[in-house]
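A.B. asks: So TrEMBL lists the following for this protein:
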| type | residues | note |
| --- | --- | --- |
| DOMAIN | 29-143 | domain 'Pyridoxamine 5'-phosphate oxidase N-terminal' |
| BINDING | 62, 63, 68, 69, 91, 126, 127, 171, 181 | FMN binding site |
| DOMAIN | 158-198 | domain 'Pyridoxine 5'-phosphate oxidase dimerisation C-terminal' |
Ligand SMILES: Cc1cc2nc3c(=O)[nH]c(=O)nc-3n(C[C@H](O)[C@H](O)[C@H](O)COP(=O)(O)O)c2cc1C
């Protein structure tokens, strides 16, 4: 086995948190967005941005259960996330199994959303083909009227997913063009950390 790179924490989620804090010093306003790659039952890949809502023992994002990304993980419950903190010359990759959050956890997060996003979750059949944006506008207005004066409950077709990393990689641009790559692989007794050629 290769030697563990010096200065890398033993847990990649700690290293992720450290880099995310350093990124926030550059850009404190935008959410933690990452490209999520999934594949369907033929192995056909697709990728799109998502906002990573929070990070605990995995990366949690929320979406419509009828969307393409959700349909993909229903049949092929593995995915990859790629964060690009490009102004700092950094990329973080995470790969692993994806599980659906339980209803209670999805409810708790939905309750923290701005009302406009809660109403959008009710109004948009995400990834369905539509004639024009008025279709969604009209439903949005109808849902707003329906829930007037009440809390908006979470729609059953919307909820969270957690990607639990089995492998993570941290990439750092260097002035001499010999970029650093540090890879973590989950083992039964913790994480194996190796340096990888750029
Ligand atoms: C920066 C950014 C963040 C996004 N965050 C989310 C998100 O958290 N959840 C979501 O469902 N879609 C999000 N989207 C929209 C998705 O990229 C995508 O268009 C949508 O989820 C449908 O994808 P799908 O048909 O592949 O499932 C985001 C888009 C951008 C550009």
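Residue numbers in this text run from 1 along the chain shown.
The backbone N, Cα and C atoms fix where each Cβ goes, and this holds for glycine too.
What's the neighbourhood like for these features in this structure?
C.D. replies: Within the model, the domain 'Pyridoxamine 5'-phosphate oxidase N-terminal' (29-143) carries an average pLDDT of 95.
Summarising the environment of residue 127 (FMN binding site), the number of other Cβ atoms within 10 Å of its Cβ, over all protein chains shown, is 14.
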A.B. asks: At a C-beta cut-off of under 8 Å, are there same-chain residues at least 6 beyond the domain 'Pyridoxine 5'-phosphate oxidase dimerisation C-terminal' (158-198) that contact it? List them, or none.
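C.D. replies: Same-chain residues near the domain 'Pyridoxine 5'-phosphate oxidase dimerisation C-terminal' (158-198) but 6 or more away: 1-5, 8, 10-13, 15-16, 19, 36, 53, 56-65, 70, 73, 79, 81, 89-101, 103, 105-106, 109-110, 121.
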A.B. asks: Is any of 68, 91, 127, 181 (binding-site residues) within Cβ reach of ligand 1, i.e. under 6 A, and which?
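C.D. replies: List returned for ligand 1: 68, 127.
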A.B. asks: Around residue 68 (FMN binding site), how many other CB atoms lie within 10 A of its CB?
C.D. replies: 15
A.B. asks: Around residue 62 (FMN binding site), which residues of its chain at least 6 apart sit with Cβ under 8 Å of its Cβ?
C.D. replies: 51, 53, 106, 109, 110, 158, 159, 160, 161
A.B. asks: Run through the Cβ atoms and count how many others sit within 10 Å of the one on residue 181 (FMN binding site).
C.D. replies: 16
